[in-house]
Amino acid sequence: MFNDIPVFDYEDIQLIPNKCIITSRSQADTSVTLGKYQFKLPVIPANMQTIIDETIAEQLAKEGYFYIMHRFDEDSRKPFIKRMHEQGLIASISVGVKACEYDFVTSLKEDAPEFITIDIAHGHANSVIDMIKHIKTELPETFVIAGNVGTPEAVRELENAGADATKVGIGPGKVCITKVKTGFGTGGWQLAALRWCAKAARKPIIADGGIRTHGDIAKSIRFGASMVMIGSLFAGHIESPGKTVEVDGETFKEYYGSASEYQKGEHKNVEGKKILLPTKGHLSDTLTEMQQDLQSSISYAGGKDLDSLRHVDYVIVKNSIWNGDSI
């Protein structure tokens with residue numbers, strides 16, 4: 001049925017440069033607008049327990065970056081919103097679709113967060129559509145992100161239900177094994193799936209998963225993403241919440257998927273795994289490097305801002321961009 005869809009992923013694509021029109025890469029504007037707010041970069045650290053905690057969320061918000069707090073400490077979400085608002089910072093939280101979450105959303109009327117992400121593995125579901133409608137009824141000013149999905153039909157349905165943005169990506173992440181455990185997903189063709197979904201979208205798309213290099217951020221924007229959610233590149237920092245482990249004198253940080261047994265606390269419907277990543281310095285350094293690399297991407301695109309990346313040509317090179325090398 002879908003054999004006529006071009007299938008490719010990040011490592012299969014090279015973007016083609018245009019004439020540079022800026023005198024310094026620092027002139028390139030990497031900012032992005034989502035809802036009523038502008039942020040420094042079109043990247044979001046994944047809303048996973050080994051990536052973000054309240055301290056990191058606060059740091060990101062203060063420095064002008066977008067964040068989404070995970071939903072795995074349910075009782076702390078309301079105090080978190082209050083604490084962020086007391087500091088004049090945006091509150092961005094996650095919810096699931098269980099019955100208790102409906103009451104929780106209703107309880108936020110007095111102090112509504114600016115952003116809510118409905119965060120489940122298979123977002124093309126009646127349960128997600130119902131939750132979108134509930135949030136929009138109870139908290140009409142809150143920006144709703146819904147996901148995750150992998151088809152144009154799913155994007156259209158969630159947008160029609162009231163979602164302000166959709167998150168695209170099922171199983172392409174480094175610690176997600178959905179594609180292996182279930183046979184379904186966008187693993188191995190995430191960039192093509194993003195392109196496919198973006199053609200149907202009327203609202204922002206957030207590409208989620210499969211990002212392995214900073215250049216993949218530019219490629220995501222080229223193929224229709226407004227923002228990019230990233231896990232592994234944000235894991236393993238000194239500040240990261242993941243447990244620190246020492247192996248043969250080297251320091252590592254734990255990084256595990258949201259559907260792993262380590263997250264769930266039980267071995268049931270497991271679609272995630274745990275890995276150890278070498279500790280890699282401070283989060284702020286990674287964010288700075290991401291911005292600099294994205295500014296370089298904009299300069300190669302021949303523009304001054306992120307929009308220039310959407311209009312460049314590209315070639316499909318089928319796994320050959322590394323030419324036998326690795327980063």
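Positions of Cβ are set from backbone N, Cα and C atoms, glycine also.
Pulled from Swiss-Prot:
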ACT_SITE  CYS176  active site, thioimidate intermediate
BINDING   205-228  NADP(+) binding site
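Annotated features, which come from Swiss-Prot, shown on the structure.
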{"residue": "ILE205", "record": "NADP(+) binding site", "contacts (Cβ under 8 Å, 6+ apart)": "VAL155, ALA165, THR166, LYS167, VAL168, LEU194, CYS197, ALA198, GLY224, ALA225, SER226"}
{"residue": "ASP208", "record": "NADP(+) binding site", "contacts (Cβ under 8 Å, 6+ apart)": "ALA46, GLY147, ASN148, LYS167, VAL168, GLY169, GLY173, VAL228, MET229"}
{"residue": "ILE211", "record": "NADP(+) binding site", "contacts (Cβ under 8 Å, 6+ apart)": "TYR10, ILE217, SER220, VAL228, ILE230, GLY231, SER232, LEU233"}
{"residue": "HIS214", "record": "NADP(+) binding site", "contacts (Cβ under 8 Å, 6+ apart)": "LEU233, GLU289, MET290, ASP293, LEU294"}
{"residue": "PHE223", "record": "NADP(+) binding site", "contacts (Cβ under 8 Å, 6+ apart)": "LEU191, LEU194, ARG195, ALA198"}
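Neighbours of the residue listed as 'active site, thioimidate intermediate', defined as other CB atoms within 10 A of its CB across all chains, total 27. For SER226 (NADP(+) binding site), other Cβ atoms within 10 Å of its Cβ number 19. By a simple count of nearby Cβ atoms, those within 10 Å, the most crowded of the binding-site residues ILE217, SER220 is SER220.
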